[in-house]
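According to TrEMBL, the protein has these features:
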type	residues	note
COILED	640-694	coiled coil
COILED	986-1020	coiled coil
COILED	1049-1083	coiled coil
COILED	1118-1148	coiled coil
COMPBIAS	847-857	compositional bias 'Polar residues'
DISULFID	CYS345-CYS354	disulfide bond
DISULFID	CYS400-CYS409	disulfide bond
DISULFID	CYS430-CYS442	disulfide bond
DISULFID	CYS432-CYS449	disulfide bond
DISULFID	CYS451-CYS460	disulfide bond
DISULFID	CYS500-CYS509	disulfide bond
DISULFID	CYS527-CYS539	disulfide bond
DISULFID	CYS529-CYS546	disulfide bond
DISULFID	CYS548-CYS557	disulfide bond
DOMAIN	21-248	domain 'Laminin N-terminal'
DOMAIN	315-377	domain 'Laminin EGF-like'
DOMAIN	378-429	domain 'Laminin EGF-like'
DOMAIN	430-483	domain 'Laminin EGF-like'
DOMAIN	486-526	domain 'Laminin EGF-like'
DOMAIN	527-573	domain 'Laminin EGF-like'
REGION	847-870	region 'Disordered'
Amino acid sequence: MRILLLLAAIAAVSQAQNDCSRGACYPPSNDLLLGRAHQLHASSTCGLTGSEVYCTPYQQSRMKCCPCDSRNPNSQLAHTVRDALSTSGPERWWQSRKEVNPVSLQLDMDNLFQLDNLVLSFKGPRPSAFVIERTLDKGRSWQPALYLATDCQRTFPGISTTTPLTLEDTYCYTLPPTGADPYQDHIIQFSPLRQYAYVPATKSQKIEDVSALTGLRVRFTELGDVPRPPGRALSRFYALKEMRVMGRCMCHGHANRCLPDTKNNNLPSDSIQVHPQCDCQHNTAGVNCERCADLFDDLPWRPAEEGNAHTCKRCECNNHAQRCRFDQAVYEASGLRSGGVCEGCIDHTTGPKCDKCAPGYQPNPRSRMDRPDACIRCVCSAEGTVNGGRCDDSTGSCLCKVNVEGPRCDRCKRGYYDLSPSNPLGCSKCSCSPDGSLSNICDPITGQCPCRSHFHGVNCEVCSKGYWKPSLSGRCQRCGCDPTRSYSDTCDQVTGQCQCRPGFGGLTCTECPENTYGDPLIGCRSCRCDAEGTLPEVCDKKTGACLCQPGVTGTRCDSCNRGHCDSFPSCETCPSCFFTLDAQRQNLSFALERLSLRLPSRPVGDGDLGNFGPRIRVLETSLTLIQNSISLPPSAAIQVNDALSQLDKLRDQVDKINNDLSPLEKAPGLDSELIRLQALLDRLTLEYKAKNDAKDNSVSQNNSGSLSAIKNAYDESTDAAKKVDASGKPLKESADIREVTKDLQNKVQPGNTRDLDKLNQSMASRPNLTPVAKQVCGSVRLEPCTPLQCAGGDLCPPDGSPPCEKGEVCVGALPLSKRADADAKDVKDRLDKLTGKITDAVEKLQQTQETTNQVRQSTEKLSNKMKQARDELEDDLKETRDVVKELKDFLSDPSSNLTHIQEVSDWILKAKLPLSLAALKRKLEELKNLAASLPDSTSVLKEAEPQLDTARKQLQEAQDARDTALGVKADVNGLLEGFNSVEGSLSDLEDKLQNSMDLIDNLNNNLTEAKNQLSPAEKALDDASKLIKPMKPQLDELQDLLQDGGLLAQDAQDNADKADDEAAAANKDLLSLEKQLDRLKDEAPTSGPGGVATPLGDRLAKLQKDAGVLANTTDNMLKALEGKADSLRGLKDEFETKSATLEGLEDELRGYLKTLRIKAKDLSTCQG
């Protein structure tokens, strides 16, 4: 009875493992080695290279030695690793070579499997130690699963020998003793689940952590001990009689059987017992059921557990997606209820659950979100609306961004451009330059502002080449670079500085270079200025005067100005006290100047300035007068007397000097000194008057001021005397030099006079200046001409003579130079004009390049709009075809309700298209003609490129030719010849330049024409969209009508089936009733005795009458239905005729679409 209960329990457990509906389920276990023998490898096998002899014990005290030869795996002497399989036979085993250690057996598998049990049946001496290892990454790394040894502590020190209590622990199992005969067979079994039986974890968790593997390795590390009898030693080796790896495909509890791997054809599927592919349940997928199936990722994938399958939950995608993904953030945000995010939403839906309409579509008010027609097209532009192209759910209007306008929010407002979905305002404001733009209204696509003359750029803020914009100026003015002294006609846009050739400078290269001055044609001289004290211009370009910095002065700008006290070159401003004292000094100076006007002027005249006696006496008299008029204190009187005695001495010295000096010679220095003394006297006189007035007006006289004035006068007189004494020696030296000069003149002058006389006599006959004059000024004189005799006409042609004309032979350097100067001026004028033309050509070239870019961008925009219109039209056509097909199916369905068919037919007949058929065909024809007439922008732009290149090349040639003209610097004749060649080059250059201008004009005309033709194309596309838009509500209404009809048809079908059942039952009742009625007729008389009608007869008559009325009513209804059927057939035929007409129009429209698509493709190739 106990055995039966055990068997029942085992059966129940087995059934639970195979029943996936209760929770975790697992496939049956079998030998993983079967069918995978070629994936089992041994590091050592006996007899692979030759026969080897192995000796083992035989009976009690005997020994037998047998050979091993595995060169032929099928030989009876072979012991390969395949012989360890359970299917190899009873007398087959694997054996390693003798005394080889360590040795490993390795099973490599391509997929993940679950290990249940490993059985090793040893033959021969059992190993003393080995390790069972597993890998989860196909052999890249190995983890030990179990250590086995007869002495664990010695063989594997540090490894625990107790049963594991956690899934992370490993331990060493102590092998039992082999007994007396170590060569007897031993069986070792390893089960991961049994090994961790005491770990507090679920079975599914143990399977996940310790049973999964992609490879298994048994590594023998120590040979077993054997007896050592006398004589020949017994052999030591490793040998396995049988090896079984019991397991199943790893399915994480989500499958109860394994399926063959259809992707891997390398395995012999007929011999494999355990296939790698799981037959996944619980909405899982993958080889190992390691993930949720498509569209079942609403919850995180987990391995199944006992009692909980952790079934993958279907994502809620409203029937608009076929797959989804799990998002942990979404899962946590939902409170761990739902983490699925739908991918690849169709039917114009979007959102994590495909529960919103995509940009450009809006919810269908006549449908549900889980239906294919949940979203209908919205005509709003996704780029220009605030909600990504969605319409208002109630009004259907578009909500435009701030800078966007239009019913569809598809165009920028005036003054804005570049409609972009990434711009929160929709369009960017035009930044047209107020100086360079004609207005602030730009191109709505490119943002190009309308530029004034000589301005270019998107915002018209940049001057054209050859122009620059001065600060505080609103116009671009020509650079004006000198064509002969600059490299080109372009200059800096901000400063206007031209690129000067060496030796020239200034804004237009007409002056000397920096830090020089003068005329560049004659020669520039360096500025003699201190660079630390000058302005950036250093010196005046004409005079060379140094231009000093503020606070610096001096001819070289090398000293500090008044009011700047620091040393040069810093020259910092003086402190405030300086300016206070300086102001006081200036006030005193002004006061002295006013006083000087009241003093008598110093003596002037042509008298004898060398007689100083009278003047000194006058001074003495004045001093005496001052002395007598002022009462001085004793100390002051002594000083005055001393001064007077000094004056006497000075007078004596002057008299002596007057006697010694020659009366003819004058001393200018003494005269100036005398004048200074006179000025001193005048000042003393002024002070005298002031003191005298002060004495008269003051009670207490103070003579200190007068004394000081007298003392100053005395000091100045003393200085004058000293200077007079010092002038004696220079006067004597001057007299001596004059005498020496007279002697030298007397010696040299007679010889010079004789030489001059001889020269005069010689110049009367030679040299003859006539040949030289002919070479210099082109003289036509024939008579000789000497410096003293040149009668008979002018030596050179007089001023005003006509110059040498072109084509004539010029004689003389002067006529040639005049001719060269005139030609140079003419070439310069022509070069100036040519430079202006080149500048205009460059400006036109820039404008043409900008126009080309605008056409390219407009073409790209039109191409995108055409593609969008084509896609919208194709969607509408598809929707129309679906409606027509649904309508056909509805009309041809025999179960359709006839009344509803009548309603649908009446609606179709009453429906009016927004445009008549003829008008629609006309509009389509206009589209076709417009598509045919669209310019081939590819050819226009391709043609523009070589023309632009040609224009650039010719402009470069013009500039090179101009530079060549500037480089002609030979002798006069060579210069004239150079001018002739340059003149021809200039003519050719002007022709080429004109050709370039013509090319640019033609190109501009072509681009303008293309640009003008793109605008009506864009308008026509908008008109086509407007034509199709009103048809959409009618199609939606018809579709709703058909859907309602389908529901009514289904209800009618149900009612008809029910009526059929009721009619059949009623027919049976009627037959029964008829039988009873006949029986009653036979049994009962129609009238009573005497012909009186009985009640039963009356009832029968009434029933008969009612039956007749019912029959008539039924007949009338059938006739009416037949009439309705005829009417419906006519309506159906009429509808099919109109459907055929619509299909014809559809084919025609498809052809127009194909043409537009080709044009769009051509236009789209114009983008580079």
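Cβ coordinates come from backbone N, Cα and C, glycine included.
On a predicted model such as this, the values are computed, not experimentally measured, just so you know.
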- Counting across all protein chains, other CB atoms within 10 angstroms of the CB of CYS354 (disulfide bond) number 29
- Write out how many residues of the domain 'Laminin EGF-like' (430-483) are helix, how many strand and how many coil, based on DSSP. 0 helix, 10 strand, 44 coil
- Show which residues of the chain containing CYS460 (disulfide bond), separated from it by at least 6 in sequence, have their CB under 8 Å from its CB. CYS432, SER433, GLY436, SER437, CYS449, PRO450, CYS451, ARG452
- Task: Looking only at C-alpha atoms, tell me how far CYS509 (disulfide bond) is from CYS354 (disulfide bond), rounded to the nearest Å.
- Result: 72
- Item | Alpha-carbon distance [CYS430 (disulfide bond); CYS527 (disulfide bond)] in Å | 50
- Message: Looking at the coiled coil (1118-1148) alone, can you tell me the average pLDDT?
- Response: 59
- Message: Give me the long-range Cβ neighbours of CYS430 (disulfide bond): same chain, 6+ apart, Cβ under 8 Å, in sequence order.
- Response: GLY415, TYR416, TYR417, ASN440, ILE441, CYS442, GLY447, CYS449, ASN459
- Can you count helix, strand and coil residues in the region 'Disordered' (847-870) using DSSP? 24 helix, 0 strand, 0 coil
- Which numbers of helix, strand and coil residues does DSSP report for the domain 'Laminin EGF-like' (315-377)? 6 helix, 18 strand, 39 coil
- Note on the structure: Counted with DSSP (H/G/I as helix, E/B as strand, rest coil), the domain 'Laminin EGF-like' (378-429) has 0 helix, 12 strand, 40 coil
- Listed in sequence order, the disulfide-bonded residues within 10 angstroms (C-alpha to C-alpha) of CYS529 (disulfide bond) out of CYS354, CYS409, CYS557 are CYS557
- Message: Tell me the Cα distance separating CYS354 (disulfide bond) from CYS548 (disulfide bond), rounded to the nearest angstrom.
- Response: 80
- Item | Spatial neighbour of CYS354 (disulfide bond) that is closest, considering only the disulfide-bonded residues CYS400, CYS500, CYS539 and their CA atoms | CYS400
- Item | CYS539 (disulfide bond) to CYS409 (disulfide bond) - Cα separation in whole Å | 64
- Counting each residue once, how many in the domain 'Laminin EGF-like' (486-526) are helix, strand and coil under DSSP? 0 helix, 19 strand, 22 coil
